[in-house]
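Q: For 350-441, the entry in TrEMBL reads domain 'Wax synthase'. The transmembrane segment annotation in TrEMBL covers 45-64, 71-92, 98-117, 207-227, 267-300, 404-425, 437-458, 470-492.
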Amino acid sequence: MTYAQELPLEEFSSSIMISSFKTFFSYLDFFLSRLNDFVPQTFSLPIYFILIYSFQFSLIFLSLSPPKSSFHYYLIYLVLLIYFILPLNYGYHYSCTIQGIIPVTVISYTWKMLIWLRECEKSSAKDDKIVKPYYHSLFWWRKSSFTIINNNQENCFNERTNQKVKDVSKDVSKDTLKNISKVTSKVIASSNQNQDINIPVISSRYVFIRLISFIKLTIIQEFWLILVEYYMPDEIPNTPYPIRVYKYFTSSESFDSNQKTFLTLSYAFYCVIYSGIIYWNMIWIYEIYLFIASCLLYYIQSTKKLSNSIFSSSFIIPYPYNKLLIKLKISKNYSSLLEQWLYHFLFFTNPLFDSPYLSCSPSEFWSKRWHSLYRDCFVELGYLPCKKFIINYYPSFLPYKKELSHIVGTFGGFLWSCIFHEYVIQSLFGSANGEHFTFFLFHGILTIYWEIITTPLFRKTIFDQKRYYYVKKVVGFILWNSILILSAPWFAEPYIRAKHYYCYPHFGCDKGYKGH
């Protein structure tokens with residue numbers, strides 16, 4: 001008898017599904033094991049950090065200008081590959097409390113570099129297109145608030161200039177007025193380049209409010225982490241959650257009252273709470289950056305007021321201009337540039353999350369309310385290339401070209417999200433079995449089908465405008481949050497098995513856990 005004949009049909013099908021989930025990661029483990037034959041098995045933690053940041057700064061300095069030769073391209077790709085592999089091969093050997101942020105940083109820098117290299121390839125075909133150094137994409141990744149500030153300053157300047165033009169318009173000809181308008185536009189352009197933008201001064205009260213917000217978030221996180229530690233279930237199934245669901249509904253004993261269900265109410269509640277602490281921890285980390293930025297902005301603005309202070313010239317670059325700053329293409333008056341960036345970050349940046357628990361559909365959750373920091377990476381590397389591929393190669397005489405390009409692009413964006421989360425799990429714990437990969441793949445497919453079904457279902461011709469809006473929101477909210485709760489174990493179990501709450505810097509839990 002063959003192996004397929006020895007097992008029942010449902011058992012054989014589930015075994016095939018499990019093996020298919022782990023195929024990719026078995027190849028990854030094989031590659032890393034062969035790599036270890038030529039490199040050291042592990043490094044000390046200081047050497048690991050030195051290697052990570054050495055390759056990180058090497059990428060920055062290699063990308064101060066667009067590559068002009070094939071050698072330059074290949075060198076960047078080689079450094080990027082080593083930089084990308086280091087956390088995969090060595091990260092899980094160290095405590096995730098210390099190096100937990102490293103995998104996220106590495107894959108973020110890698111994706112930004114891939115986007116920058118693509119921009120360089122596009123600019124090679126356009127001589128008039130200027131590509132800024134790679135490090136610009138690490139800081140100026142948001143919508144430009146400098147445009148808003150410049151426009152406000154330009155509007156004030158225009159009002160003063162227009163008033164002066166009106167005063168003399170009675171005594172001059174039309175040709176003279178045209179010349180005045182030309183000169184005025186030149187003055188506006190030169191003033192925007194040569195004059196510093198006036199940034200509103202923040203008070204010490206604002207810094208204090210940021211500090212209070214950070215303390216409040218820290219206290220809530222402490223109680224939350226203690227809750228997930230002391231009420232952790234005694235037994236966490238090793239079989240992936242979707243396989244348990246599949247086996248439950250396909251087993252011949254699925255209607256047996258004595259059969260153990262794939263999900264209990266208490267376990268579902270714990271997985272939701274555990275997913276919530278991951279969400280809250282990202283908000284807490286982001287609040288640290290906001291507090292540091294507010295302190296630095298307050299310090300810079302305070303030094304400008306103290307003309308006699310010994311710190312008043314700490315951000316003024318003396319002549320001759322520093323050669324390194326010239327190479328980095330940073331303005332001489334970089335105190336003003338830094339002040340603008342900090343003000344931009346604090347007041348013109350969208351929040352990291354926009355109340356995701358109020359979402360009424362998967363597209364609203366993933367594209368609008370969830371993590372805004374990596375949305376551009378998913379769009380640039382996943383959505384846009386896949387959409388462009390369909391637009392370019394899908395026959396024009398076939399229907400639904402626009403809809404199909406959006407569907408394929410959405411799937412491509414979720415595929416990059418799958419890679420991101422599996423990379424982090426592998427780097428933190430050294431064991432990834434595809435649960436996060438299939439979780440985000442499932443949500444990508446769910447998002448596509450949701451839009452296909454709900455678009456014709458809730459048409460404005462069926463309900464009036466107001467009723468249509470509220471019915472869609474209420475039904476969508478209930479249905480979408482039910483799906484989130486039912487799929488929460490799929491996302492949370494890899495973290496729960498590894499006791500991931502030890503990775504967060506806090507005071508309430510046992511610090512003896514090493515993270516692997």
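In case you wondered, yes, glycine gets a Cβ from its N, Cα and C as well.
A TrEMBL annotation is a machine prediction, not a hand-curated record.
Values in this document were obtained by computation on a predicted structure and should not be read as measured data.
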Q: Taking a Cβ cut-off under 8 Å, which residues six or more beyond the ends of the transmembrane segment (45-64) line up next to it in the same chain?
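A: Cβ under 8 Å, 6 or more out: 72, 75-76, 79-80, 82-83, 86-87, 90, 94, 98-99, 102, 105-106, 109, 113, 116, 133-135, 327-329.
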Q: Any chance the transmembrane segment (98-117) and the transmembrane segment (470-492) are in contact, meaning at least three CB pairs closer than 8 A with a sequence separation of 6+?
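A: Per Cβ check, the transmembrane segment (98-117) does not touch the transmembrane segment (470-492).
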Q: By DSSP, what is the split of the domain 'Wax synthase' (350-441) into helix, strand and coil residues?
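A: Per DSSP, the residues of the domain 'Wax synthase' (350-441) fall into 66 helix, 0 strand, 26 coil.
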Q: Same chain only, please: residues at least 6 beyond the ends of the transmembrane segment (470-492) with a C-beta under 8 Å from a C-beta of the stretch. Say none if there are none.
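A: Residues 240-242, 263, 267-268, 271-272, 274-275, 278, 357-362, 365, 435-436, 438-439, 442-443, 446, 454, 458, 463.
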Q: Any residues 6+ beyond the ends of the transmembrane segment (207-227) with a Cβ under 8 Å from its own?
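A: Distant contacts of the transmembrane segment (207-227): 273, 276-277, 280-281, 283-284, 287-288, 290-291, 294-295, 298, 501, 504, 506-509.
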Q: For the domain 'Wax synthase' (350-441), report the average pLDDT of the model, please.
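A: Over the domain 'Wax synthase' (350-441), the predicted model scores a mean pLDDT of 88.
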